[in-house]
Each structure stands twice: as C-alpha cells, then as structure tokens.
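Here is the structure we will look at.
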Amino acid sequence: MLLLKPKSTQLCVSRLIFWQNCLRNLSTTSSHCSGKVNDEEDDDKDQKFCDTKENQQDPLYLYKSKGQHLLTNTRILDAIVRRSNVRPTDTVLEIGPGTGNLTVKLLEAAKRVVAIEIDKRMVDILNKRVAEKGLQDRLHVICQDAMKAEFPQFDLVVANIPYGISSPLVAKLVYGRNPFRSATLLLQKEFARRLLAKPGDSEFNRLAVNVKLVADVEFVMDVSKREFLPCPKVDSSVVMIRPKAQVPDVNLDEWWAFTRTCFSKKNKTLGATFKQKKKVIELLKLAKTALVCKDYESDDDYGGDNEEERTDEEDGFASSASDLEMTLFKEKIVGILRTGGFEDKRPSKLSNEELLHLLFLFNQAGIHFHDHVLPKGSDNVEFAAAYSS
C-alpha cells in the first residue's frame with residue numbers, strides 16, 4: 001500500500017500517524033501479513049509513508065536496521081519537551097531528528113535547535129516541514145554521522161537516539177568538551193536499565209560505572225514500542241543525564257583501563273581476576289613501562305640518541321619475566337587487595353568510591369592499567385568506540 005504525497009508536510013505527518021494506526025488494526029488474516037516475513041524483508045517492504053510529486057520518485061522508506069523509528073505520539077513528545085525544562089534562551093542539540101516530530105516542538109520552546117541527521121532524505125523533509133511553520137531561522141541542520149561530527153556549543157540535549165549508537169554517543173556526550181545542563185534521551189529500555197543500574201543490580205556494569213563517574217542519571221518514563229513507526233522489537237525508556245558539578249580527580253585513561261579490567265568478569269572476585277597469570281604479566285609489563293617513561297620525562301638530554309635505547313628496552317619488556325619476578329609481583333597485587341579488603345569482593349557490588357579507592361592503592365604502589373607509551377585518550381570519539389565494546 002502506498003500513500004500519495006499530501007499538499008503539506010504537516011498533512012503528510014498526520015497521514016503517517018493515521019497509517020500507523022491502520023497498520024496496528026490489520027487483522028492477522030490480512031493477505032499482506034499472511035505467511036512469515038523476516039525482519040530484513042520487513043525493512044525493505046514496509047513503512048513507506050510519503051510519495052513524491054506524481055509518483056515520479058521513490059517513496060521514503062524507514063529502515064529498522066538503521067534505527068529509523070519515528071516517535072509519533074504527541075502526548076509523549078510533549079512530555080519529553082516538558083521534562084527537559086527547555087528555556088526560551090536555550091540552544092538544544094537533537095541527534096537523529098528524523099522527519100521532525102520532536103524538532104518542531106523543541107523549536108517552539110527553545111531559541112535554537114541544532115539537529116544532526118545522517119540521512120539526507122530526512123533532512124529534506126525536516127527543512128521543508130520547519131519552513132512551513134516559519135521556524136527555519138531557528139534551526140541549524142548538520143547532515144553528518146553524529147559520532148564523527150564536531151558538536152557546537154549547546155545547553156541541552158533532547159533526542160530519540162538511534163539504538164545502534166547509544167553507548168558510544170552517551171560516552172561522547174558525558175566525556176565531551178562541551179559543557180551542558182542536561183541530556184534527555186529516548187533509549188532502548190534495556191540500555192536505559194543498564195545506565196540506571198546500581199551496585200548489586202544484575203544490570204550493573206562498566207557502562208554505568210563510567211557514566212556515573214561524571215554524571216547523574218535519572219529515570220523519566222517508559223515508552224511502548226507501539227508508539228513508534230516502524231514498530232521496533234523492544235520498548236524504550238526516557239532518561240535524563242546531568243553532568244556533575246564536581247568530578248573525582250582521577251586520570252581518565254587509568255580509570256577506563258581499570259574498569260575494563262575489573263568488569264571483564266564482573267561477578268568474579270577481584271582476587272580471582274588479578275591472580276590470573278595473563279593479568280599479572282600484563283600489569284608487570286605496564287609497571288616497567290611506566291618506570292621507563294618516567295625516566296625519559298626527567299632526562300634533560302633526551303633526544304635521538306636515546307631512541308635506540310628506548311627500542312632496546314621495549315624489546316626487553318616483551319620477553320617473559322622470570323618466575324621469581326612474577327611471584328613477587330603477584331604477591332604485591334594480592335597484598336594491595338587484602339590491605340584494602342577487596343580480595344573477596346566482586347566489581348558488580350562495588351560503588352564508584354570503592355573502585356576509586358582501589359585504583360588509588362594500585363597507582364600508589366606503582367601498578368598502572370593504562371599503557372603510558374600509548375597516547376592519552378583525549379579523543380573522545382575514539383574512546384567512545386572502545387567504550388561500547
């Protein structure tokens with residue numbers, strides 16, 4: 001079934017919502033739904049909502065595989081804008097605006113909206129729709145991948161986030177260079193639960209630990225999957241992220257590497273994790289590397305002549321350590337865990353304060369988790385990619 005192009009974008013959206021309701025009411029014996037259709041076929045066959053002039057161009061398709069799920073419930077859209085506490089002086093960053101259901105409402109409440117959309121088809125519809133309402137001077141659209149785009153200055157983030165980039169995008173926001181008041185995000189429900197998880201919860205994980213180091217996360221509301229077109233497989237939730245005014249004084253490279261180690265097996269005891277031979281060898285090499293880097297930084301005569309020495313040293317570190325050296329270093333690690341009372345504790349039950357204290361004990365003893373030879377993770381886009389793995 002194909003809908004012809006209406007005379008205005010507003011009417012097009014109204015018919016889109018009508019089309020969604022019609023789809024929900026189709027009987028299971030409909031000839032369109034008879035037989036089993038896989039997700040890939042569903043992506044290719046369904047969800048055309050607007051044709052072009054005299055059917056001369058292809059209709060617009062919404063692809064589930066690309067995270068193109070449009071929220072159409074006006075009541076929920078209004079609630080998201082209201083809970084975001086948008087001020088008339090605010091610049092709002094919206095990521096993945098689609099056809100502009102949320103964008104239009106944000107433009108009515110804010111001074112300016114910066115929308116980042118990778119799909120040029122959506123950009124064309126969005127611009128036309130906003131122009132029909134006379135709000136085009138308050139909208140700036142960036143047609144680019146949100147993970148590659150450089151965000152301009154903004155006060156708030158309000159967005160229906162594409163599921164596929166949720167984790168790296170949240171990381172890019174909270175560890176980015178742009179300060180902001182809050183981010184109201186519509187996310188996959190399971191992902192939102194992970195963000196909201198507390199120590200001891202089954203969903204508690206490295207994602208929650210890293211985000212909550214620098215921000216507070218608040219639950220806003222759940223949103224049924226039936227409110228989207230096309231309908232996704234899972235429900236969604238709205239959460240609000242507020243950056244903390246003060247964050248712990250910790251080396252972020254160390255923190256990210258440390259939490260990766262701890263949460264690689266979050267339900268194992270820390271004693272069991274750090275006693276593994278592979279982990280002991282890894283930390284021993286890092287400890288030696290850190291000492292050498294420290295020596296280089298304090299060497300006023302450091303130059304080309306020392307480069308050859310550095311290469312020789314690094315080659316030496318690549319070889320296996322002696323059994324005695326391994327044993328002594330392992331005892332050092334276990335001693336730190338016992339001193340802090342962490343040997344029998346599990347990462348999934350530790351607060352950020354406890355994890356920060358353990359990292360301090362390790363670093364104080366000369367044990368590090370970030371390779372000091374590698375460049376610091378100042379590029380938050382690169383960090384975000386690794387963060388979601």
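Glycine is treated like the rest: Cβ placed from N, Cα and C.
A quick note: this is a predicted structure, and the numbers were derived from the prediction, not measured.
These come from TrEMBL:
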type: BINDING; residues: H69, L71, G96, E117, D145, N160; note: S-adenosyl-L-methionine binding site
type: DOMAIN; residues: 76-245; note: domain 'Ribosomal RNA adenine methylase transferase N-terminal'
Sparsest-packed among the binding-site residues, when each Cβ's other Cβ atoms within 10 Å are tallied, from E117, D145: D145
CB within-chain contacts under 8 A for N160 (S-adenosyl-L-methionine binding site), separation at least 6: H69, L71, G96, G98, L102, L186
Maximal Cα-Cα distance (Å) across residues annotated as binding S-adenosyl-L-methionine, namely H69, L71, G96, E117, D145, N160: 20
Confidence summary (mean pLDDT) of the domain 'Ribosomal RNA adenine methylase transferase N-terminal' (76-245): 96
Number of Cβ atoms other than its own within 10 Å, given for H69 (S-adenosyl-L-methionine binding site): 25
